[in-house]
Amino acid sequence: MQKISVLLFLAWVSFLFYAGIALFTSGFLLTRLELTNHSSCQELPGPGSPPWRSQGEPGACWMASRFSRVVLVLIDALRFDFAQPQHSQVPGAPPVSLPFLGKLGTLQRILEIQPHHARLYQSKADPPTTTMQRLKALTTGSLPTFVDAGSNFASYAIVEDNLIKQFTSAGRRVVFMGDDTWKDLFPGAFSQAFFYPSFNVRDLHTVDNGILEHLYPTMDSGEWDVLIAHFLGVDHCGHKHGPHHPEMAKKLSQMDQVIQGLVERLENDTLLVVIGDHGMTMNGDHGGDSDLEISAALFLYSPKALFPSNPPEEPEVVPQINLVPTLALLLGLPIPFGNIGEVMTELFSKVEDSQLHSSALAQASALYLNAQQVSRFLHTYSTVAQDLQVKELHRLQNLFSKASADYQRLLQSPQRAEAALQTVITELQQFLRGVRAMCIESWARFSLVRMAGGAALLAAACVLCLLVSQWATSQSFCFQPLLLIPVAWGLAGGLVFAGLLLTTGLKLDPVVLGAMAAVGSLLPFLWKAWPGQGSRRPLTDLLPIPGPVLSLLFIRFAAFFSDSFVVAEARATPFLLGSLILLLVAQLHWEGKLLPVKLLTVPRLGLSAPTAPPRHNGAQALGLGVGLLLCIRLAGLFHRCPEETPACRSSPWLSPLASMVGGRAKNLWYGACVGALVALSAAVRLWLRRYGNLKSPEPSVLFVRWGMPLMVLGTAAYWALASGADEAPPRLRALVAGASVVLPRAVAGLAASGLMLLLWRPVTVLVQAVAGAPKTRTILTPFSGPPTSQADLDYVVPQIYRHMQEEFRGRLERIKSQGSLTVAAYQLGSVYSAAMVTALTLLAFPLLLLHAERISLVFLLLFLQSFLLLHLLAAGMPITTPGPFTVPWQAVSAWALMATQTFYSTGHQPVFPAIHWHAAFVGFPEGHDSSTWLPALLVGANTFASHLLFAGCPLLLLWPFLCESQGTQKRRQPPGSGAEVTKVRPEEEEEPLMEMRLRDAPHHFNAALLQLGLKYLFVLGIQILACALAASILRRHLMVWKVFAPKFIFEAVGFIVSSVGLFLGISLVMRVDGAVSSWFRQLVLSQQR
């Protein structure tokens, strides 16, 4: 089997999974249909002419305006309790001291002094609570869908009718200052604008100070009708420090001064609106639907009386989108066409009129206009889309018809009883609230056909991995012709399908096209392969997974259908991993594999392979198991609690050192982090030196010796600057800022350079002439002349290595007294694993920079845990020469479980609020201008760092051969050490071949890599299949958008990252194998001269 065939087959299987994921996603995360209709003053929302149009009031459109100007102050992430006074929650108890309480004192003073002029509401935002979705809701009055959360930092212009469009259509001058997200949502809509970059969450002051520079001069100039100021300091402070940090008190006090200054400048015809777009969690994050995230403050104030009564003791709770129709009617504008919010009736009472009946009639009139607009939207939407519930839609239409008839009768006899007026108001409110509830439920619309097709394709890909992983060890299974046939069929099927769509005039959907190509390639492959392989084997051979591992996979598969397990997966995964480790130790004991294991050998050309020395005894294996369990327990100390478990307390070690207040504690933690960094680098160097891979003059080895210490130094220096940047003297801040840009980029550049050097010259072997040896010597090969084919070369390489060892032993006997000797080729037996370990270490440094400093301890535990697990697994993996080579299922399952455990131990959770957005600014503290791919790449690398590092699963195949060297009695002298070899016993055992045994049978080596890749993809595919089925079956579950949908998205992206990493890891092994072949080819040719 050729190397290119293995890579192509893995790429094809990955494509099958990708097509299944894309097809399922297109059916599960559909957005609602956005209508482009617009409301206008010339077109009333319903039949009839409202009586107030004949009053001739100026500014009247659908309703006479109460205000001609509005100042909208949007304080990002202004949680409702931020506007609360400092008071105790329990009578008689001492006051609760929280940094954010009581800092907006201006609001409380106005509510006490002018109760008829102001109101404080608790506005409830609809999830997802990300800024772009909230801005869409606050201007359109509609409900952004779940999938829109993915474009939070790549906003697109709003095509639906909205308040900004209504302002500009009415000739109002709209001035904006603040978050540049508005520039993408409303391009060219502002008469004057001051935009500031919003993505740099570490910057608390640039946006706010820029607004304050223009806010008051603009307001005093009077050249505006609508003034919008979007402050970001509170939100960024939450992301950087959390709500309980003293810095939050400073930002809220600054916002209080802003509000006070605006109140002093307001005129009677101006309405002040202060609102938060969403809240934040206890950690300062947002994006989900927890109570703290959806709870925001809403404050309304006018210099003239606005409310007929005093405010209630507890602020009223209103949906956030209710502000849209309320502002539209108060300012004399049409309500946006797609609005489903409800007017806040209290604002439409006639304060100057003491008659309750007149106020109630004004409220009913505003509600009726609102209901007419919503009814018109429902009628238009239901004619072009079929995702609204038919029965509920008819019920609501009947309810509106009855309320409309009652309202018309009330207008004909306006002096009717108060009870009839309240009945009309109640009916209209029931209609509006019923519409909102129906839309919330209906706009989670699904395409069951696509979901079923995607899940079926994922299941078929899993079955393919399972079957082919068994067929791969067969000599008669030829992958190349079987692969070319399905690829050709897939391309042909895709082209035919695309041609049919184009000829019929239908829209060409790339997702469906890719799915058709995947199915068109999968079916012919199974049709051709099954008669030759599957039909010859019993069913038990086609399902080779051991019972315990199968039970573990089944438990994990079934658990994804439970929202409680998904929430508690961070605790369940270490338990499953620990259970599997105990099972491995017990299995080794039961099968007697803790005793010396004899190597199964097949004589070849008269050369017999030696017996393998014992790799582990019982005490060593037990020690490995205990060490693994201890590492798992220590890694569990770094955990982040999901928001669904309020009793849980997240580890304080996940926060950056800059958030710590105590200087001594910060210094101690910094020393521990640097120590972990040095220990990680030193451990890798010692490991390479132990196996003789650190003496080569190759560029990659030189980089490990000199470049890696520079990376450690650069990382430590960056941590020092990042943890104390706020404490730097003013004269050094420019230097610190520059170093914060240069250092992480330098470390990343060094890591990239090291990886490129490793790909260029991956063989870390030292070659030196033997002292006193002739310049030419004959190396016996079974061929006459140099190898004429790749097969000849693959066959002869192990013989060359054995002959070099024999020649070295013979010369020791012949020329003992001639001085020091040097091995011609030193430690080829670890050449594959050395390259893999070096690559993973180089990759770990830039990934570590993207995390908080104390995560370095987790990375150290990760490498130690991987080392222990590999040694434990190697004890139970038999080595057969010349093959086939097989990695057992329990090894692959344990490796995948450890990747999941590391994901949680690095402070991640499969929810959007837990994403570490700060990673986007490592090396880019000033932001990325308009670029979105680079910050997305940095945040993605931070989130899926564990998936990238554990893509080094080829080590599972290589490590048992590496462990063959344990227990040897031969003293190996490093080349060039000057050590004198005085005595060598003839009976001394020769140095083990280790990884060179893989070259005894190139077909089995490539087949083992393919089998390992397919097993790993199967274990990961089972997880994504379970998430897809859970999201599909439980699509109407209460927690679908909070738990199951985010879990599916994270698993899908994680699978893509893991599969790409797996492909690159196997490619690196094959690159090393090719370099070894080239190295031996040059050696053979040099001996023929």
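Note that the numbers count up from 1, one per residue, in the order the chain is shown.
Here the Cβ of each residue, glycine as well, is placed from N, Cα and C on the backbone.
Summarising the annotation, TrEMBL assigns region 'Disordered' to 967-988.
Annotation source TrEMBL lists transmembrane segment at 6-30 (among others).
If you look up TrEMBL, you'll see 448-471 (among others) marked as transmembrane segment.
Taken from TrEMBL, the feature transmembrane segment applies to 483-504 (among others).
The transmembrane segment annotation in TrEMBL covers 511-530 (among others).
According to TrEMBL, the feature transmembrane segment maps to 668-688 (among others). If one looks beyond the transmembrane segment (668-688) by at least 6 residues along the same chain, the residues whose Cβ comes under 8 Å of a Cβ in the stretch are 657, 660, 694, 704-705, 708-709, 711-712, 715-716, 719-720, 723, 764, 834, 837-838, 841, 844, 848, 853-854, 856-857, 859-860, 863-864.
Taken from TrEMBL, the feature transmembrane segment applies to 700-722 (among others).
Per TrEMBL, the feature transmembrane segment maps to 734-760 (among others).
TrEMBL lists 831-850 (among others) with the feature transmembrane segment.
Within its own chain, the transmembrane segment (857-879) has Cβ neighbours under 8 Å at 581, 584-585, 587-588, 591, 593-594, 597, 599-600, 612, 615-616, 621, 624-625, 627-628, 631-632, 634-635, 638, 653, 672-673, 676, 679-680, 683-684, 841, 844, 848, 885-888, 890-891, 894-895, 898, 902, 905-906, 946, 949-950, 955-956, 959-964, 997, counting only residues six or more beyond its boundaries. If you look up TrEMBL, you'll see 857-879 (among others) marked as transmembrane segment.
Residues or ranges marked as transmembrane segment by TrEMBL: 944-962 (among others). Residues 615, 691, 829-830, 832-833, 836-837, 839-840, 843-844, 847, 850-851, 862, 866, 870-871, 873-874, 877, 879, 885, 887, 891-892, 895-896, 898-900, 902-903, 906, 993-995, 997-998, 1008-1009, 1012-1013, 1016, 1053-1054, 1057-1058, 1060-1062, 1064-1066, 1068-1069 of the same chain lie 6 or more positions beyond the ends of the transmembrane segment (944-962) yet place their CB under 8 Å from a CB of it.
Taken from TrEMBL, the feature transmembrane segment applies to 1016-1036 (among others).
If you look up TrEMBL, you'll see 1048-1070 (among others) marked as transmembrane segment. Distant neighbours of the transmembrane segment (1048-1070): 3, 6-7, 10-11, 14, 17-18, 21, 25, 28-29, 758-759, 762, 832, 835-836, 839, 899, 903, 910, 940, 943-944, 947-948, 950-954, 958, 1006, 1009, 1012-1013, 1016-1017, 1020-1021, 1023-1024, 1027-1028, 1030-1031; these residues of the same chain sit at least 6 beyond its ends, with a Cβ under 8 Å from one of its Cβ atoms.
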Tertiary contacts of the transmembrane segment (6-30), as residues 6+ beyond its ends and Cβ separation under 8 Å: 145-147, 445-451, 453-458, 460-461, 464-465, 468, 479, 483, 486-487, 509, 511-512, 514-515, 517-518, 521-522, 1006, 1009-1010, 1013-1014, 1017, 1021, 1024, 1028, 1031-1032, 1035, 1045, 1048-1049, 1052, 1055-1056, 1059-1060, 1062-1063, 1066-1067, 1070
Within the same chain, the residues 6 or more beyond the ends of the transmembrane segment (1016-1036) and with Cβ under 8 Å of it are 10, 13-14, 17, 20-21, 24, 28, 444, 446, 451-452, 454-455, 458-459, 461-462, 465-466, 469, 553, 556-558, 560-561, 563, 892-893, 895-896, 953, 1044-1045, 1047-1048, 1051-1052, 1054-1055, 1058-1059, 1062
